[in-house]
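Quick look at what Swiss-Prot annotates:
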- 1-57: topological domain 'Extracellular' (TOPO_DOM)
- Asn25: N-linked glycosylation site (CARBOHYD)
- Asn39: N-linked glycosylation site (CARBOHYD)
- 58-85: transmembrane segment (TRANSMEM)
- 86-95: topological domain 'Cytoplasmic' (TOPO_DOM)
- 96-119: transmembrane segment (TRANSMEM)
- 120-132: topological domain 'Extracellular' (TOPO_DOM)
- Cys131-Cys210: disulfide bond (DISULFID)
- 133-154: transmembrane segment (TRANSMEM)
- 155-173: topological domain 'Cytoplasmic' (TOPO_DOM)
- 174-196: transmembrane segment (TRANSMEM)
- 197-222: topological domain 'Extracellular' (TOPO_DOM)
- 223-247: transmembrane segment (TRANSMEM)
- 248-274: topological domain 'Cytoplasmic' (TOPO_DOM)
- 275-296: transmembrane segment (TRANSMEM)
- 297-311: topological domain 'Extracellular' (TOPO_DOM)
- 312-333: transmembrane segment (TRANSMEM)
- 334-380: topological domain 'Cytoplasmic' (TOPO_DOM)
- Cys345: S-palmitoyl cysteine (LIPID)
Amino acid sequence: MGRRRQGPAQPASELPARNACLLPNGSAWLPGWAEPDGNGSAGPQDEQLEPAHISPAIPVIITAVYSVVFVVGLVGNSLVMFVIIRYTKMKTATNIYIFNLALADALVTTTMPFQSTVYLMNSWPFGDVLCKIVISIDYYNMFTSIFTLTMMSVDRYIAVCHPVKALDFRTPLKAKIINICIWLLSSSVGISAIILGGTKVREDVDIIECSLQFPDDDYSWWDLFMKICVFVFAFVIPVLIIIVCYTLMILRLKSVRLLSGSREKDRNLRRITRLVLVVVAVFIICWTPIHIFILVEALGSTSHSTAALSSYYFCIALGYTNSSLNPILYAFLDENFKRCFRDFCFPIKMRMERQSTSRVRNTVQDPAYMRNVDGVNKPV
């Protein structure tokens, strides 16, 4: 998705050096590079980024961020999926959606080493097949994540505002079916990314780029079309649905003191609703900047200053950072996840604590006995 600038191609002597920060694509968010036409110009649709404006420190900083995202995101999301599979009590409708979100996040974190390498090497060294896979995973994550969060919000809305209907709708089986539908729907974009994604050798600057390969004649049209589709279907419409759901939920929670007839169930309902709200809010905070940046760039209103270009790449990094935040949110905000995480990470300690608690409970429940002179046990 490129931000390109019209103008004549640079002479070979003025082309950026091999160690200039070109940042060729390896992500659905990074721009491709314009291919000069036969007359040596960039063509009417080609606005090319100024590589010289990008500080060489940016790849190093972003690589460090991606390394943390890779470790925390892959381990954390894998642990979330394991906990939901391992413990029967965790197989609730909400947690089935959380599993889907963790799967999408875990997949996208596996692309971090490839993208970090691209930042450091200024070229895509992994070949055409991996290029297609990485870009496809990016688009799958983009759509499955926001679709899953939207369904989680709808699920919460039904649980809070329509508790009777929730008995039929909010089941683990139906949540699994909805997750499958989300992946099938996202495949319309993910498979397109596999088909269109590919590598292109840029001999003029000695790099290999990995990006969506649109027809050269209609590049600007297809580029703009893809950006608008992503902005509308992977951001605007889902966020509007989420806002409507939570607005109705807040009104309902304010108007009713007790939702379920039981204080304990009511506390759990509000706790889970709060967890989903925080996860959704963090997602929107992390992804809004890059979506806005892409939209403004598509309309040709972006600046080419160092600050603007630096902000652009850090907005991309912020979006990927979200994939490592969700497991941390679950650990802090949900007691069931926290308990299961502790049980997995410290099994011996948790087993000893349970045994100690069990002994204390038995001591309290069982009365002490004392043998009298007749040899009969009597409670003390």
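For all residues, glycine too, the Cβ spot is worked out from N, Cα and C.
These numbers come from a predicted model, not from an experiment.
Each of 58-85, 96-119, 133-154, 223-247, 312-333 was scored by its Cβ pairs under 8 Å to the transmembrane segment (174-196), and the highest score goes to 133-154. Same-chain residues lying 6+ beyond the ends of the transmembrane segment (223-247) with a Cβ under 8 Å from its Cβ atoms: 1-2, 45, 142-143, 146-147, 149-150, 153-154, 156-157, 189, 212, 214, 277, 280, 284, 287-288, 291, 294-295, 297-298. DSSP assigns Cys210 (disulfide bond) to a strand segment in the three-state reduction. Reported as a whole number, the C-alpha separation between Cys210 (disulfide bond) and the residue listed as 'S-palmitoyl cysteine' equals 39 Å. According to DSSP, Cys345 (S-palmitoyl cysteine) is assigned to a helical segment. Nonlocal intrachain contacts for the topological domain 'Cytoplasmic' (86-95), taken as residues 6+ away from its ends with a CB within less than 8 angstroms of a stretch CB, comprise 152, 155-156, 170-172, 174-175, 272, 276, 336-337, 340, 344. For the topological domain 'Cytoplasmic' (155-173), the DSSP counts in helix, strand and coil order read 16 helix, 0 strand, 3 coil. When each of the recorded positions Cys131, Cys345 is scored by how many other Cβ atoms sit within 10 Å of its Cβ, Cys345 comes out lowest.
Cys131 (disulfide bond) sits 36 Å from the residue listed as 'S-palmitoyl cysteine', taking the Cα positions as reference. Taken residue by residue with DSSP, Cys131 (disulfide bond) is part of a helix.
Long-range Cβ contacts of the transmembrane segment (58-85) within its own chain (Cβ-Cβ under 8 Å, at least 6 residues beyond either end) map to 21, 23, 91, 95-96, 98-99, 102-103, 105-106, 108-110, 112-113, 115-116, 119-120, 122, 310, 313-314, 317, 320-321, 323-324, 326-328, 330, 337, 340-341, 344. Model confidence over the topological domain 'Cytoplasmic' (248-274) is summarised by a mean pLDDT of 77.
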